[in-house]
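Q: Take a look at what Swiss-Prot says about it:
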- 1-18: signal peptide (SIGNAL)
- 19-234: topological domain 'Lumenal' (TOPO_DOM)
- Asn81: N-linked glycosylation site (CARBOHYD)
- Asn101: N-linked glycosylation site (CARBOHYD)
- Asn127: N-linked glycosylation site (CARBOHYD)
- 189-216: region 'Disordered' (REGION)
- 191-200: compositional bias 'Acidic residues' (COMPBIAS)
- 235-255: transmembrane segment (TRANSMEM)
Amino acid sequence: MLKQFLILIFALATFVAADPLMEELEGTWTSKSNTVFTGPGFYDPVEELLIEPDLPGISYSFTKDGHYEEALYRVVSNPKNHSCPVASVTYQHGTYEIASNGSVMLTPIAVDGRQLLSDPCNQDDPNVSTYSRYVQSTYFKTYQKYVDPYHGRWTLQIYQFDGSKMQPLYLAYKPPLMLPTYALNPTDAASETDSELNDDDSSKSNSKSRRSRIKRSLENQYRTNAIRQTHDESMDKYWWFSVACLGLGSAYMFLK
């Protein structure tokens, strides 16, 4: 009994290798700074406004039906001039696929990606940032989902295209906190997986209704069903199960 109990504890402490299932990725994941989250608090598509978080960090959200959203706030130091760091705030959303080998491909909606770039030493006006469209597909070689042994939170370890580790992400909301998954730009038309921007008269005629839908979505942002994850209820079950096993093991050793 004691041996079985120790094996169980060891199994719970090990990483849970991710199967290629979208349900595993469902939720909003954020980096350690805990200040960057996807959703309306990062990007306002009506005003086309990127909202700079307090600290750098990254966040990814995934739905179980194949949609994703990314919010990235990155600051890169300049080794030649420490007063000239390059900062970028990037928003994209679209669809994702998980291959049978566990790799993940993110395909953005071309018309919706936005980036705010600050490169003070390589701009005419160092006090002005550059706001532009941004389209960049992303490939992850694989990922792991496991419970962090220190914080007791679900953790997502993503391996980039070259196999290098991305900073770990922690589950913050489930269901995910996201903007609408359809194309948000009401004036430009493009296939949701196009890498080029095209004009289409039929889409322009629907711009008002689409903008209204987006505004209603933003007005209801505080009515979201996304739940902040401070701890996982399944971990409570594991905890009490472990306590029960420990009690049974102790009783067995005592009676023996």
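Any Cβ shown, glycine's included, is placed from N, Cα and C.
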Q: Would you mind checking how many other C-beta atoms are within 10 angstroms of the C-beta on Asn81 (N-linked glycosylation site)?
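A: Within a 10 Å radius of the Cβ of Asn81 (N-linked glycosylation site) lie 10 other Cβ atoms.
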Q: Whole-number Å only: compute the distance from the Cα of Asn127 (N-linked glycosylation site) to the Cα of Asn81 (N-linked glycosylation site).
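A: For Asn127 (N-linked glycosylation site) versus Asn81 (N-linked glycosylation site), the Cα atoms are 16 Å apart.
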